[in-house]
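J.: This structure is in structure tokens; I'll ask about it shortly.
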Amino acid sequence: MFQTVTAPTGVWRGRVTGDVTVFHGIQYARADRFAPPQRCEPQLQHLVEVPEPGPIAPQSPSRLEGVMGAPSSLKQSEACLTVTVTTPHLAQPGSLPVLVWLHGGAFLSGSGAWEQYGAEQLVRETGIVVVSVNYRLGVLGYLCAPGISSGNLGLLDQITALEWVRDNIEAFGGDNGRVTLDGQSAGAHSIVAMLGIDRARSLFSRAIIQSAPLGLGFHSVEQARRAAEIFEEELGSDPRRAVVTDILAAQARTAHRLAGRGAMNSAPPFLPVHGMAPLPFVGEWNGKVAANAARRKILIGNTRDEMAAFFGPHPVFSAMRRVPLAGPQLAGAIQRRVQKVVFDNPVQEFADRFASAGASVWRYGIGPLHPDNPFGACHCIDIPLLFGDGDTWRDAPMLRPLSPKEIGESGTRTRRYWGEFVHTGRISDPAWPMHRPKSRYAHLLTDETIGGSA
């Protein structure tokens, strides 16, 4: 069964499954290599039907496949600027709030079209419209090299996708005046960047910031150009004409060089760049973040053991843990310290900054889903609480030994909270108070107590 929607920029046919319709592969922009995205011209004379997920951005396998499991294999293409829209079947135009999802992946991997980000269960339980975004990654999205690319193309893609939502989502049942921008990891990092970008200011009124590695910051122009120089050395040819496989191989070698001895620096080699459009220099950006956060509704938090996803498989720390007695203690202490620097302390700082600027802020935490899993509450364990279903995630190492039924049930509370926030911009649970500056309280979404008192 199918449903056809006519929007200002096109006519699309989606597949109906029960009471939910999914529209795959809707193109929101076009872009030549290293060029800013250009909005697509309206194509109202042609019906577009994409029964399966469209192509994803060129990328190498995610470094977190050993935690999340491998995603379904999807075609890769530079023509990847598409969204997936999931909506209640036959929703009245403009009637429902919208959640726009920005995937993570260290700005190197990921896709809004991955099966793990399927939004059918979330839409069915909450009655919202979900838009999942593909954007350019790695060198093709964030290279900052004079004469080749100004950088921040992936960020521009995301903003252009939000503009597509503003102009078209009403036809799919969404209310463009009630848009919540939600992202995890690099996607959440992007949302924080957008809070300081004027062009993005009016495109969403609510934000959900999940496990943003805010301690990494963004690149300065100097840092970005140094990464570009290393990449160009590794590529050995003009990136404007190189084949994608060569670009990805040189990108991997660049990451290896920047990681240093023992691969101890795991920061992404390519990030949004302060001082290159549309992201202001850091001083101006800080001021804009404070101004743009005022009167917004923001949900922000992270997991208890973010770094376990990175330290668990890391060869240096695997060897350290094998040292009798002191080894596991030392590895654990280093992991906890890095967790505080990259995640815990910056999340606290930004929650305080947002609240001090006049935003309504709620802070959450996530503990382990099963006591016997060695990854604990690692980075990305929040995703199956929202997206996919038990069968989608059944092979994820971070969720063992949970059954598909237990995986599906583990996210019921989180999906209920997220649905309420997207609908109302608030959390009504009296046990979850609004964040006050300097409060250490984070409301736990799993069955364990962390954080301080409210």
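Glycine is treated like the rest: Cβ placed from N, Cα and C.
Taken from Swiss-Prot, the feature active site, acyl-ester intermediate applies to SER185, supported by sequence analysis. Marked as active site, charge relay system by Swiss-Prot on the basis of similarity to another entry: GLU306, HIS379.
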J.: What is the Cβ neighbour count of SER185 (active site, acyl-ester intermediate) at a 10 Å cut-off, with all protein chains included?
T.: 26
J.: Cα-Cα separation of GLU306 (active site, charge relay system) and HIS379 (active site, charge relay system), in Å?
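T.: If we compare the Cα positions of GLU306 (active site, charge relay system) and HIS379 (active site, charge relay system), the gap is 4 Å.
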J.: Using the alpha carbons only, what distance in Å do you get between SER185 (active site, acyl-ester intermediate) and HIS379 (active site, charge relay system) once rounded?
T.: 8
J.: If you count Cβ atoms within 10 Å of the Cβ of HIS379 (active site, charge relay system), leaving out that atom itself, what do you get?
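T.: A count of 27.
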